[in-house]
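Data block below; observations after.
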Amino acid sequence: MEASIFRSEEMRLAQIFLSSEAAYTCVSELGEIGLVQFRDLNPDVNIFQRKFVNEVRRCDDMERILCYLEAQIKKMNIDVLNNGENPEAPQPREMIDLEATFEKLEGELREVNDNAERLDRNFLELTELKHVLESAQIFLDQESDASTSLSQNLIPAEDGRNEPAQLGSVAGVIPREKLAMFERMLWRVSRGNAFLRHQDIATELKDPATGVEIRKCVYLIFFQGEQLKLKVKKICEGCRSTLYPCPDSAAERADMLRGVMSRLADLTVILSQTTDHRERVLVAAAKFLRVWLIKVRKIKAIYHTLNLFNVDVTNKCLIAEGWIPADDKDVIRDALRKGTDKCGTSMQPILNIIETKAEAPTYHRTNKFTNGFQSLIEAYGVATYRELNPGLYTCATFPFLFGVMFGDLGHGFIMFLFALWMVLREKPLAPVMAKSEITNIIFGGRYIVLLMGMFSMYTGFIYNDVFSKSMNVFGSSWHVGPNATIEIIDNHVPEYMLDPADRTDYVGYPYPVGMDPIWQVAVNKISFLNSYKMKISIIIGVVHMMFGVLLSIINHLYFKRILNIFCEFIPQVVFLLAMFGWLVVLVFTKWIFYGAGPEFDTPHGSSCAPNVLITFINMMLMQDDDVKENCESNYMFEGQKQLQTALVLIALLCIPVLLIPKPLILKSQAAKRKLRPLVGVIVVQIQGQEGEQQEGEQQEG
C-alpha cells in the first residue's frame, strides 16, 4: 500500500487461457475485483463481426427498456429504491428471463400510456367543447345586433345584388398567443365581413402530447355565405385551432352540454383508474430498477470484454491478455478458480506472465481517504508508469494552500462540521448522495473538505479572523495612549494609526500567536496585512515550487535519466534559488535586521528599510536608486550588490543550459539509432562477399 501511494503499482502482462464454458463466469469474477486491464487482441476485426456482438445488442435493448422505465418513473416523481446492494452478474441463461420480464413490462407500460394519452385527448376535447357551449350562449345573445351591423356594412356582390343577412357561425378553441394573428388574418381575408367574438378560458388546459399547460380561448365567428365559410374554415385550420359543433338552438346546446358533462364525469373516473394502475406498475418497477440496471450493465461489460479475446481454431478455448498488478497474481488466480467452480467445468484456467518492454498502464491503489485526492490529481493528468505519485503530497498541500487563501476560523469551522457529518454518517448517506451528480461529487471529496476546514481554522486563527472579526485571546500588545493619532469616520468606532516605534503605545513584544486584534481598528491595517500576506505567499509559493523540483530528482534517479539530471534538474534548482530563493532571503533579512523602536539604530530603522520588490527589480535591471535621506545605503548589507549581480549572471547562464544541450544530445542519439540497422546490413553484406570469395578461391585451388 505504501509503495502504491508513493508511486504506481508494478504491473505485469499476463496471458490467460479460458475454456469457452468458464469464460463468462471468470470474467465476471475478475470484474468484481477490478485488477485486470485487458488488451484488444482483435484490433483488425470490425466490432460488428466479433463473436459476442449479438449478446451486446441484446444488452443494449434491455438497457434501452430500463432507461425508458427510469424516465417514466422520474416523470411520476417516484423514488427509486437504493439500498446500496451490488448484485453479481447473472448467468447467461438468466438473460432470457430478464428480457421476457423487461419486454412484458415495457409492453404493459406503453399500452397504459397510449390509453392514457387517448383518454387525455378525449378529456381535452370534451373540456374545450364544454367551454365552447358555455360561451356560445353569451355570444349568440348578441346575434341580432351582429346581424344588423353586418347587413349595414355588406360589400355588394359582383352582380351588384346584396344577399339577405342570413348569418352562419363557426366555433372553436385556439391558443391565446395565436389569437391576435388569427384575428388580423380573418379580418383581411374576409375584408371585414366576418364578426369575431372570443373569451378566455379561466383554467389552463394540459396538452396530452407534451404535458405542458396551455392558455386557450374560445371564439365564435359569424359570417355570410358559403364561400366565406370555406375561407374561414381554412384560416382556422391554418392557425391550428380546433373546431367544435355549436347548435343554433338553445335547447340543443343545453342537451349537448348535459351529455358532455356526463361523459366528462365518466372520463374522470377512468383517467383516475388508469393513473393508479400506471403508478402501481411503476412503483413495482422502481423497487428493482437499480438492481436491474447493475445486472444488465455487468452483463454488457462482460460480453464487451469477451469480444477482446482471441478464439482458438477449435472454438473451445479463449485467449486473453491483460495487465495485472505484480502483487495480486494470487488474488487473480483465486478469482479465476472461483469462476471455474461456478461454471462446473473441469478445465482449469491457465495464467502465464509474459515478459515485455511495452509501456504498462498506471495503477494507484487507493482507499476512501486517498481516492478523492487521487481523483483530483488525475483530473489534470495521469502520472507515467512508475512515476512519482503527486497524490501523496496533495493530501497535505492542497488543503493547506486552500486554508492560506480562505483563512477564516468561523467559516472553516462550519465547513469542518459539515465534512465531519458526512464522514461519520457515510454509510447511510452514500445512497442518498448518489442521486445527484453534484452531491455525489461533494460526498466523494468529504475528506478533502474535512482537511480544508481544519486548515482554514488554523490559518483563520493565525490571521485572527472569525467571520471578519478579531478575538482578543492573549491580550493586545498595544495600549493606545492620549498622543495616538485617532480618526473618527461617520461617528463610528475610532480608528488608530499604529506606530511600533512609539513605546507609549506598543509594549515592545508582539502578540503571542497570530495577529494582534488591535489591527482590526487600525487605519494602516490594509497596508500592514497586505504586505505581510504578500510576503508569506511568496515564501510558501517558492517553497512549494522548490519541493516540486526536488521531487523530480527521484524520478530521474529511478528511471536512470542522467541527462535530465545535468540538463534539467541542476539548472532548474540553480535558477530557482538564484532568483526566487534570493527573494525569500531578502524578505527574511528585512524582517530580522530592520524594525521600529529604540533597539534599531537609524540605518536599520523602518524608514531606511528598502522595498523588497524594488530591490528585486533593480537587481534584474542592474541599476540603483537614490539613497533615502538619513540612510547609509539602499542595500541591507555590504557586498549585496556584487552578490546580486553574480546571482543574475548565474541565472542567465542556466537558461542556455536548459534549452540547448538536451535537444542536441537527443537528436544525436536518435541519429545513432537510425544508423545501427544500416551498419548491420552493411556488415552482413561484407561478410557474405568475403564468404563468396573464399569459396571461389577454394574451388580454384
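Even glycines carry a Cβ here, placed using N, Cα and C.
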Task: Segment assigned the feature coiled coil in TrEMBL (from 25-59, 60-94, 95-129, 480-514) - done: 95-129
Task: Recorded stretches the transmembrane segment (400-424) and the transmembrane segment (536-557) touching, at least 3 CB pairs under 8 Å - done: yes
TODO: Report, as numbers and ranges, every residue of the chain located at least six residues beyond the transmembrane segment (646-666) whose Cβ falls under 8 Å of a Cβ in that stretch; write 'none' if there are none.
DONE: 563-564, 567-568, 571-572, 574-575, 578-579, 582, 619-620, 622
Task: Residues from the same chain, set at least six apart from the ends of the transmembrane segment (569-593), whose C-beta lies under 8 A from its own - done: 535, 538-539, 542-543, 545-546, 549-550, 552-553, 556, 604, 609-610, 612, 615-616, 619, 636-637, 644, 647-648, 650-651, 654-655, 657-658
